[in-house]
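Peer 1: Provided herewith is a single structure, encoded as structure tokens, for subsequent inquiry.
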Amino acid sequence: MRVKGIRKNYQHLWKGGILLLGTLMICSAVEKLWVTVYYGVPVWKETTTTLFCASDAKAYDTEVHNVWATHACVPTDPNPQEVVLENVTEDFNMWKNNMVEQMQEDVINLWDQSLKPCVKLTPLCVTLNCKDVNATNTTSSSEGMMERGEIKNCSFNITKSIRDKVQKEYALFYKLDVVPIDNKNNTKYRLISCNTSVITQACPKVSFEPIPIHYCAPAGFAILKCNNKTFNGKGQCKNVSTVQCTHGIRPVVSTQLLLNGSLAEEKVVIRSDNFTDNAKTIIVQLNESVKINCTRPSNNTRKSIHIGPGRAFYTTGEIIGDIRQAHCNISRAQWNNTLKQIVEKLREQFNNKTIVFTHSSGGDPEIVMHSFNCGGEFFYCNSTQLFNSTWNDTEKSSGTEGNDTIILPCRIKQIINMWQEVGKAMYAPPIKGQIRCSSNITGLLLTRDGGKNESEIEIFRPGGGDMRDNWRSELYKYKVVKIEPLGVAPTKAKRRVVQREKRAVGIGALFLGFLGAAGSTMGARSMTLTVQARQLLSGIVQQQNNLLRAIEAQQHMLQLTVWGIKQLQARVLAVERYLKDQQLMGIWGCSGKLICTTAVPWNTSWSNKSLDSIWNNMTWMEWEKEIENYTNTIYTLIEESQIQQEKNEQELLELDKWASLWNWFGITKWLWYIKIFIMIVGGLIGLRIVFSVLSIVNRVRQGYSPLSFQTLLPATRGPDRPEGIEEEGGERDRDRSGQLVNGFLALIWVDLRSLFLFSYHRLRDLLLTVTRIVELLGRRGWEILKYWWNLLQYWSQELKNSAVSLLNATAIAVAEGTDRIIEVVQRVYRAILHIPTRIRQGLERALL
């Protein structure tokens with residue numbers, strides 16, 4: 001009974017053990033995921049970077065120096081690539097776009113740079129004795145004669161090449177460029193910016209004509225473009241593409257009206273950072289341009305006044321003919337139609353309120369009037385006629401009416417305080433002759449009056465002055481992103497690594513204690529080497545940045561333009577991005593690989609999604625956002641894993657190196673010797689068995705029965721050869737059995753001898769057989785060749801005979817045919833000759 005109870009208990013224990021083993025097997029069967037590095041994944045992040053410019057080489061005149069310095073830009077790509085991003089939704093915000101700030105800074109720097117080598121007009125900051133230029137007609141008209149006092153003839157004392165001598169000169173100035181010194185005396189004036197700014201005269205051959213500039217992203221960066229036709233500049237865009245450069249943007253410096261820009265593809269679009277905030281500017285993009293033609297009809301002349309060694313001041317000398325006022329013409333029908341479309345959009349935004357357009361509320365001339373550059377002169381046009389209407393339900397209820405053309409009176413200003421900067425002013429030299437220019441109005445800048453929301457009227461005025469809004473009207477659909485080509489994701493693949501395992505210890509292991517320590521010390525510095533590699537890269541980049549700052553500080557000496565600096569910066573950025581990525585790939589042991597497995601296990605705390613949900617349902621952008629908070633941790637673990645791998649390899653190499661001195665005494669070497677010996681013995685035994693079997697088969701074929709391998713049997717003699725006796729000295733035949741031997745070495749020698757003899761006989765027989773076969777094949781081949789040669793000769797002769805027979809038959813047939821033709825011709829000829837004779841005979845018979 002006791003034995004049966006023990007057996008029952010063992011049965012329960014056996015079942016429990018099997019169940020536990022099955023559970024362990026199931027748990028161990030769960031697939032483990034490992035971190036895999038991917039290079040070149042489509043992931044980007046918003047960033048700010050230095051953009052460089054591209055421009056059409058044929059877009060500028062080489063005779064003059066354009067203020068935009070586009071000759072320093074790279075040529076435009078004749079086939080620009082635009083890649084549409086399917087199923088991508090991206091956020092855009094034109095009001096927080098660093099591209100706008102960068103363009104603003106670039107344009108200001110370009111203007112400043114173009115003025116650096118030009119003449120400073122400090123000697124002209126003297127008292128000017130001015131009087132009004134007499135006009136033949138003082139009628140104030142939009143397109144008639146200029147108002148009295150608009151142009152002043154001023155005389156002043158100027159020091160020329162000799163410092164102690166003063167000479168009196170005169171020049172014509174516009175009213176906007178001078179201010180009275182004393183209100184009591186209307187004859188004493190000074191230049192408008194002398195008390196606040198240093199006035200620099202624009203160089204004579206500088207042109208202000210806007211040239212399209214393409215902003216381009218350096219390598220490692222990209223520009224995203226929103227292609228929604230009704231995009232308001234802020235929010236999500238579902239039609240996104242990536243480009244390397246923007247479209248050509250003309251840096252037109254103007255206020256109130258946007259000139260020569262891009263048009264909306266469908267309806268008019270209005271954009272604002274916040275429509276409820278009346279302090280925010282409203283940018284209007286038209287869908288159809290409105291032509292504006294401007295002219296300065298006065299025929300001006302230009303003269304130069306020397307104000308020092310190598311310096312000249314250019315001013316208006318005389319005005320030939322009538323002094324007529326500059327003006328601009330706009331089609332009233334086109335303008336009213338444009339306002340009607342703008343009103344529709346404004347009423348949608350402001351709850352169908354009455355829309356009122358009115359003139360500017362005041363400020364600097366650049367704000368109050370529509371200012372722009374026309375042919376080198378800076379026009380300031382009164383835009384009251386454009387913004388003087390009330391719209392109720394998209395119908396114009398009141399406003400200035402007139403003929404079909406709106407004529408805007410314009411004034412000209414030569415001293416420009418650009419960009420509202422303090423301490424800097426520019427004097428634009430007068431342009432001789434008449435000036436005409438034509439532009440396209442593609443947008444408006446509006447401001448809304450504040451007040452209580454209960455009012456049913458919204459008043460809008462022309463705005464401007466901040467050139468950033470001009471650039472926003474073109475850059476609203478772009479944003480710069482940084483490409484992040486490195487991505488990590490879980491996979492089932494694991495990197496094969498060198499494990500730290502115990503070596504077999506031989507006699508030389510006694511010396512490996514301290515010798516191996518030297519290798520461990522070198523391997524322990526791998527962390528330090530990693531840090532040094534990172535610091536080295538940072539030092540290179542920092543050195544390049546310092547060099548760029550030095551070049552930028554000394555660019556007036558190096559004659560580098562703003563675009564040249566930006567191109568250098570863009571190249572450095574590209575190199576930096578590449579080096580950074582390659583540095584990480586090298587630290588991780590992934591150099592030159594696009595897909596790199598690692599030995600880092602995937603932690604489900606980073607993401608517990610399954611492989612199918614990751615690889616089949618998520619984009620790289622979504623996955624990057626999923627693990628964004630753990631990316632640095634994963635990078636660190638990959639780096640530590642690679643460091644451990646390199647340390648293991650280093651220690652393994654160290655052990656191999658020092659163990660080689662004592663390899664004859666290492667147990668691994670002796671195991672190798674034993675393995676070779678066993679292989680040799682096994683081979684001999686196998687050969688012995690094979691040849692024994694062959695010998696037995698051979699003997700059986702000859703009529704002998706297989707006996708023991710070591711039994712000596714005398715060969716039987718033939719009936720014609722009787723056996724000899726011991727006393728007789730007859731000749732003995734060779735026995736077929738060998739002599740019995742004793743000992744292992746003797747047996748090996750006999751076997752090897754038999755093996756070599758057997759191999760020799762078999763190879764000889766094989767060689768003889770091959771020789772006979774080759775001889776037979778050669779003989780047969782020669783006979784076949786002779787047969788084919790005879791056959792070829794026979795058929796050649798037959799063909800020759802057939803050809804000769806054919807030619808003979810043809811010749812005979814031709815000869816017979818020729819004879820018949822000749823006979824027919826002769827008969828015809830004789831008949832013709834006999835015709836007169838027949839006629840004569842017929843006449844004779846008739847007469848008889």
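Cβ from N, Cα, C; glycine included.
Per Swiss-Prot, coiled coil is recorded for 625-659, and the stated evidence type is sequence analysis. Among the features that Swiss-Prot reports, disulfide bond is placed at CYS53-CYS73, CYS118-CYS203, CYS125-CYS194, CYS130-CYS154, CYS216-CYS245, CYS226-CYS237, CYS294-CYS328, CYS374-CYS437, CYS381-CYS410, CYS590-CYS596. Taken from Swiss-Prot, the feature N-linked glycosylation site applies to ASN137, ASN239, ASN260, ASN293, ASN336, ASN352, ASN382, ASN388, ASN392, ASN453, ASN603, ASN629 (among others), supported by sequence analysis. Annotation source Swiss-Prot lists region 'V1' at 130-153, citing sequence analysis. Swiss-Prot lists 154-194 with the feature region 'V2', giving sequence analysis as the kind of evidence. What Swiss-Prot lists as region 'V3' is 294-327, and the listing cites sequence analysis. According to Swiss-Prot, the feature region 'CD4-binding loop' maps to 360-370. For 381-410, the entry in Swiss-Prot reads region 'V4', with the evidence type sequence analysis. Under the heading region 'V5', Swiss-Prot lists 452-463, 454-463. Annotated region 'Fusion peptide' per Swiss-Prot: 504-524, in sequence order, evidence recorded as sequence analysis. According to Swiss-Prot, the feature region 'Immunosuppression' maps to 566-584. Per Swiss-Prot, the feature region 'MPER' maps to 654-675; the stated evidence is sequence analysis. Feature annotation from Swiss-Prot assigns region 'Disordered' to 714-735. Taken from Swiss-Prot, the feature motif 'YXXL motif' applies to 704-707. Swiss-Prot lists 32-676 with the feature topological domain 'Extracellular'. Taken from Swiss-Prot, the feature topological domain 'Cytoplasmic' covers 698-848. The annotation transmembrane segment is assigned in Swiss-Prot to 677-697 on the grounds of sequence analysis.
So where do these features actually land, and what's packed around them?
Peer 2: Taken as a whole, the coiled coil (625-659) shows an average pLDDT of 81 in this prediction.
Annotation for CYS73 (disulfide bond): spatial neighbours PHE52, CYS53, ALA54, SER55, ILE213, HIS214, TRP563, criterion Cβ-Cβ under 8 Å with sequence separation of six or more.
Within 10 Å of the C-beta atom of CYS194 (disulfide bond) sit 18 other C-beta atoms, taking all shown protein chains into account. The secondary structure of CYS194 (disulfide bond), as reduced to three states from DSSP, is coil rather than helix or strand.
Same-chain residues at least 6 positions away in sequence with a Cβ under 8 Å from that of CYS154 (disulfide bond) are, in sequence order, LEU128, ASN129, CYS130, TYR170, ALA171, LEU172, PHE173, VAL178, TYR189. The DSSP secondary structure for CYS154 (disulfide bond) is strand.
Under the three-state DSSP scheme, CYS216 (disulfide bond) falls in the strand class.
Within its own chain, CYS237 (disulfide bond) has THR89, GLU90, ASP91, PHE92, CYS226, ASN227, ASN228, PHE231, LYS477 as residues 6 or more apart in sequence whose C-beta sits under 8 angstroms from its own.
The Cβ of CYS294 (disulfide bond) lies under 8 Å from the Cβ of ALA326, HIS327, CYS328, ASN329, CYS374, PHE379, CYS381, CYS410, ARG436, CYS437, SER438, SER439, each on the same chain and at least six residues away in sequence. Under the three-state DSSP scheme, CYS294 (disulfide bond) falls in the strand class.
DSSP assigns CYS374 (disulfide bond) to a strand.
Neighbour count (other Cβ atoms within 10 Å of the Cβ, all protein chains): 20 for CYS596 (disulfide bond). The secondary structure of CYS596 (disulfide bond), as reduced to three states from DSSP, is extended strand.
In the three-state DSSP assignment, the secondary structure recorded for ASN239 (N-linked glycosylation site) is coil. Long-range C-beta contacts of ASN239 (N-linked glycosylation site), restricted to its own chain and to partners at least six residues apart, with a cutoff below 8 Å, comprise VAL84, CYS226, ASN227, ASN228.
Of all Cβ atoms in the shown protein chains, 16 besides its own fall within 10 Å of the Cβ of ASN260 (N-linked glycosylation site).
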Peer 1: Given ASN629 (N-linked glycosylation site) and ASN603 (N-linked glycosylation site), what distance in Å do their CA atoms have, once rounded to a whole number?
Peer 2: 13
Peer 1: Under 8 Å for C-beta pairs, could you tell me which stretch among 154-194, 294-327, 360-370 has the largest tally with the region 'V5' (454-463)?
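Peer 2: When the Cβ pairs under 8 Å are tallied, 360-370 comes out ahead.
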Peer 1: To which of the disulfide-bonded residues CYS203, CYS328, CYS590 does the lowest count of other Cβ atoms within 10 Å belong?
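Peer 2: Per-residue Cβ counts within 10 Å for the disulfide-bonded residues CYS203, CYS328, CYS590 bottom out at CYS203.
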Peer 1: State the Cα to Cα distance, in Å, between ASN392 (N-linked glycosylation site) and CYS125 (disulfide bond), rounded to an integer.
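Peer 2: Cα of ASN392 (N-linked glycosylation site) to Cα of CYS125 (disulfide bond) measures 53 Å after rounding.
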Peer 1: Please state whether DSSP places CYS53 (disulfide bond) in a helix, a strand or coil.
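Peer 2: DSSP call for CYS53 (disulfide bond): strand.
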Peer 1: By a simple count of other Cβ atoms within 10 Å, which of ASN293, ASN336, ASN382, ASN603, ASN629, the glycosylation sites in the record, is least packed?
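Peer 2: Across ASN293, ASN336, ASN382, ASN603, ASN629, these glycosylation sites, the one with fewest Cβ atoms within 10 Å is ASN629.
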Peer 1: With the cut-off set at 10 Å between Cβ atoms, which of these disulfide-bonded residues ends up with the most neighbours? Options: CYS53, CYS437.
Peer 2: CYS53
Peer 1: Helix, strand or coil at ASN603 (N-linked glycosylation site), per DSSP?
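Peer 2: Where ASN603 (N-linked glycosylation site) sits, the three-state DSSP reduction gives coil.
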